[in-house]
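See structure below.
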Amino acid sequence: MTKKLLFYLFLFGTFSAIAQNLHDDSNAASPTNEANTTTGWTGSALLFSDNTDAQSGLFSIRAESNGNNGMMIQYTFDAVVGEDYTISLWAREGDQSNQPAFANWQGLSGFSTTAITGNTWTEYTFNVSATSATPIIRAYTSPWSARTVAGNAILIDNITILPVGGDTEAPSAVTDVSSSNTTSTGTDLAWSASTDNVGVTNYEVFQDGVSIANTGTATTFGVTGLSASTSYDFTVFAEDAAGNVSAVGDTETVLTAAAADTEAPSAVTDVSSSNTTSTGTDLAWSASTDNVGVTNYEVFQDGVSIANTGTATTFGVTGLSASTSYDFTVFAEDAAGNVSAVGNTETVLTAAAADTEAPSAVTDVSSSNTTSTGTDLAWSASTDNVGVTNYEVFQDGVSIANTGTATTFGVTGLSASTSYDFTVFAEDAAGNVSAVGNTETVLTAAAADTEAPSAVTDVSSSNTTSTGTDLAWSASTDNVGVTNYEVFQDGVSIANTGTATTFGVTGLSASTSYDFTVFAEDAAGNVSAVGNTETVLTAAAADTDAPSAVTDVSSSNTTSTGTDLAWSASTDNVGVTNYEVFQDGVSIANTGTATTFGVTGLSASTSYDFTVFAEDAAGNVSAVGNTETVLTSAGTGITDYTSENSNIATVDWTARDLFADRNIGIGTTNTQGYRLAVAGNVIAEGVKVELQGNWPDFVFENSYDLPNLDEVRAFIATYGHLPNIPSAQKVKEEGIDLGDMNAKLLQKIEELTLYMLQQQEQIEALKVELEELKKN
């Protein structure tokens, strides 16, 4: 039997049968011998034994075009001319860009070119007749047109060539191979006979996957030439006359015996002693060498064996007498019983009788200077009949230090907030140790806290008045615990709240912006990082200050029925919102912020007293000012426009001033309370509005209460327009006063300017803060 790649050829006379198996894993002696060569295959293509994806077993044949007309592989087998054969091949495409095929078979009739298709394994079967004694099977990786293309590949496995009607049944597997009489160089193998439908003709023996013998029909074989202390695997295959080979049976693993050892270890020549007392000594020596290995050392005292140490090269001798001389020798032995020659003799003189009196107990261990990681221990000196040579310190029962004769020791490496027990034992030169004394229990301090609380990031304000506001925030977290919150107003500390998360700020100024921040602190003094800043604008102060008195009321354009009043604007700490005009002590008009008023409906040649009072939004009214006395005229050339003369064509309107004691409507009778109402468009070269109120320069005064943007946002969300600006519905219903509207629009523009300036200041402050952060 050969490796799986070879054919099995058996010729039987004139009508011999042929059974040839190529890459058939059932014929493999072992996985390591399965189709791992390309023996018998030739051709122009690159040829490999491939173990990446066999059809079965571990290996298959791989052919690959070389890019230089190399694209064919072939196999020649022995045949009987005129004999019919069944040829079976498993094949698949490999790395492929052109169609592979079985083609151009030689010496066989009944064959036709067959394409190899797909990258999965497919069985191809051909029934052919031999026209030559050496037929040739061929496979091509690609057509001739692609002969120069490199890398086209095919894989072939499990090829069988059988004569029609031949014996195809293999013998049963050999499953009971056993070994006996194993020595260091050989072993005897035996197995039961296999069964076969025709008959077993040979047993082939494999050692570690390599064929070492054919026994014919014998079921025993003596293996020789083995190495000592080595493991070998043996398998046996049965074959019949048709070349059919049994499946793999069992594997018999044999470990050969070790070779006979007659070499003694080297002598032990450096035995030495140490730690000799009155009753014992410690022996030591270097390890001996041996061709196999030392298994034991035997120690002799004055020629008498006292111990076997195994492979240990030290031994502690006990039971000696004080002030006595002893001779010690050591012999090395190996597993075969070989003993080393005599080495050196170590002579030991034991010490005088030992000191057995222990020092007094250490009963006053004390601690001081305890921190989170250490403490200082101290104790009084012990007494001893000879003298104390050492103090050994124990921490929780474990020795941590020998202080010699020092009676103090600084302990380090302790854990914070942990209890430890310390004891001290006194020793003398003879090794006597004092009894247990006192135990000093030490509780280390807590570890220093270096972790700051979390930042306070949600400071908020509520209930803001002109003099105060209420601050609140969420509690910070800390590894130990927050002990205090410190409140800062415009960067200056104003309060420590302890663990309270609210604080009521007082003593503020009205209409003033303040920045509040809060920092959390713990007991170790760690302070949180900067959190958020809550900006609070205090409310305006309650207004109790009345406007100044109107002291310069004057009249002009007095006629027989009316007069025009005028006065200077009053001053007020907040602002004048209305002027009320009194005629002979009776209120006749409210002018808003206008400082003029046209009086009508007077009687000719009559004296009237006029006074004006200023009011602010809080309802404060100015004191009495001056009284303007007006005497109406007896009449003039002015024609009064009345319902009686409105249609008199003889009135010369173009030569006269027109005075209408009532409202005038042009194109409409509905004047809606206006002195002049026009239904239609009005064109003029100019329209001058004489404002009766303040022009909004007061926005830029320091006392002006600029609305908070949050308040503006809330107003817009609620009403859908700016504060102090009429809604679309109101304008639709009532129209607009041009002068008043222009003043209101200018007021909003000036407020927008202030907001932009505030924003610029905040941007500049943030730039400075950013630069500071970059420096840190």
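Numbering starts at 1 and runs along the chain as displayed.
Just so it is clear, glycine is given a Cβ too, placed from its N, Cα and C backbone atoms.
Noted in TrEMBL for the protein shown:
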type	residues	note
SIGNAL	1-19	signal peptide
DOMAIN	170-259	domain 'Fibronectin type-III'
DOMAIN	264-353	domain 'Fibronectin type-III'
DOMAIN	358-447	domain 'Fibronectin type-III'
DOMAIN	452-541	domain 'Fibronectin type-III'
DOMAIN	546-635	domain 'Fibronectin type-III'
COILED	749-776	coiled coil
Per DSSP, what is the residue count of the domain 'Fibronectin type-III' (358-447) in each of helix, strand and coil?
0 helix, 39 strand, 51 coil
Remote residues contacting the coiled coil (749-776) - C-beta distance under 8 A, at least 6 residues beyond either end:
696-697, 699-700, 706-707, 709
Please count the residues of the domain 'Fibronectin type-III' (546-635) that DSSP assigns to helix (H, G, I), strand (E, B) and coil.
0 helix, 39 strand, 51 coil
According to DSSP, how is the domain 'Fibronectin type-III' (264-353) divided among helix, strand and coil residues?
0 helix, 39 strand, 51 coil
Looking at the domain 'Fibronectin type-III' (170-259) alone, can you tell me the average pLDDT?
94
